[in-house]
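Chemist: Have a look at this one before I ask anything.
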Amino acid sequence: MNLEAFILGCGGMMPLPYRHLTSVLLRREGDLFLFDCGEGTQVALRRLNLRWKRINAIFISHTHADHITGLPGLLMLSSQVDREEPLYIIGPPKVAEYVETSRKVLDMYINYEIIVKEIREPGVVYSTEEFQVRSFWLDHTKPCMGYTFEEFERPGEFNPEAARALNVPCGPLWSKLQGGNEVVSADGKTIRPQDVMGPKRKGRKFSFVTDTKYLPSIAQEVKYSDFFVCEGMFEKGMEKDAAEKKHMTCTQAAQIAKDAEVKKMALIHYSPRYTDNELKVLLDHAREVFPETILSKDRMNIQLEYED
């Protein structure tokens, strides 16, 4: 099953001609999940030909303008594409007020259901039979959340040789075993799925962290992520400035990635003081701590692969 992340915008504070504000879209087959909705999100969705009609849920980190001002336009646009499914908007306190006020002031025409969920306590905020999204507190100048999208374990691989050895003929009985059901073999014995299936296999994990001072505890929340998107707003040596503004340097983000043993980290939410050519400084500093670091770029996409 395909799982990929699209960087819709990688900038922080203000948009630049070549850099939209922070927004990341995760696509799992036909389902879309948006993490933050900065200014320029609609433009990026159009350029990437992504079907915003299929966005299931939008997860907002906090209500600073550079993370949420793209939301009203996206809500209005969704009324123009015959959306039928409800849209979930999930975030910390003030998200519901922002959505409701925007609808009133802009006199929005909305022809689909919007379900807003404000997070009061960290934990699971969205789930299906195959995956869940968890939230956890960050430390910024207003209530701010990080998120992890994690698939549940998959069944182990089916062992046809084991099935044959247990006198289970090829056909519908094999399918039942793979579906988690017991069957009766040709010689009348009860065969359990675990008799012919290998160990369960790990699902994939995506984590999104932006706008927070350095917290070592973040590493536990994003542990073993396949793809970790994390703010790296400033270069090494600016730790004091970052702490005062409740942001992180690129090396602090890299330390979290290292401690969490993630597979790959993409820096995001760059300070507008850095041009694209100057971002290499952030990359070089981060790679001193965590070599598997890349720079987010607008319209970049990353495939998340299964381990096996």
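The first residue you see is number 1, and the count goes up from there.
Yeah, the Cβs are placed from backbone N, Cα and C, and that goes for glycine too.
Dumping what Swiss-Prot says about this protein:
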type	residues	note
ACT_SITE	D66	active site, proton acceptor
BINDING	H62, H64, H140, D211	Zn(2+) 1 binding site
BINDING	D66, H67, D211, H269	Zn(2+) 2 binding site
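So where do these features actually land, and what's packed around them?
Modeler: Of all Cβ atoms in the shown protein chains, 23 besides its own fall within 10 Å of the Cβ of D66 (active site, proton acceptor).
Sequence-distant neighbours of H140 (Zn(2+) 1 binding site): residues of the same chain at least 6 apart with a C-beta under 8 Å from its C-beta are H62, H64, D211, T212, K213, K246.
Sequence-distant neighbours of H269 (Zn(2+) 2 binding site): residues of the same chain at least 6 apart with a C-beta under 8 Å from its C-beta are C10, G11, G12, T22, T210, D211, E231, G232, M233, H247.
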Chemist: Given the recorded Zn(2+) 2 site (D66, H67, D211, H269), which additional residues of the same chain have their Cβ within 8 Å of the Cβ centre, ordered by sequence?
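Modeler: Leaving out the recorded residues gives G12, M13, L21, T22, D36, G38, S61, H62, H64, T210, E231.
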Chemist: Let me make sure I understand the structure: which of the binding-site residues listed (H62, H64, H67) has the fewest other Cβ atoms within 10 A of its Cβ?
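Modeler: Lowest Cβ count within 10 Å among the binding-site residues (H62, H64, H67) is H64.
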Chemist: Starting from the Cβ centroid of H62, H64, H140, D211, the recorded Zn(2+) 1 site, name every other residue in that chain with its Cβ within 8 Å, sequence order please.
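Modeler: Leaving out the recorded residues gives S61, T63, H67, L138, T141, K142, C144, T210, T212, K246.
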Chemist: Just how many other Cβ atoms lie inside 10 Å of the Cβ on D211 (Zn(2+) 1 binding site)?
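Modeler: The Cβ of D211 (Zn(2+) 1 binding site) has 27 Cβ neighbours within 10 Å.
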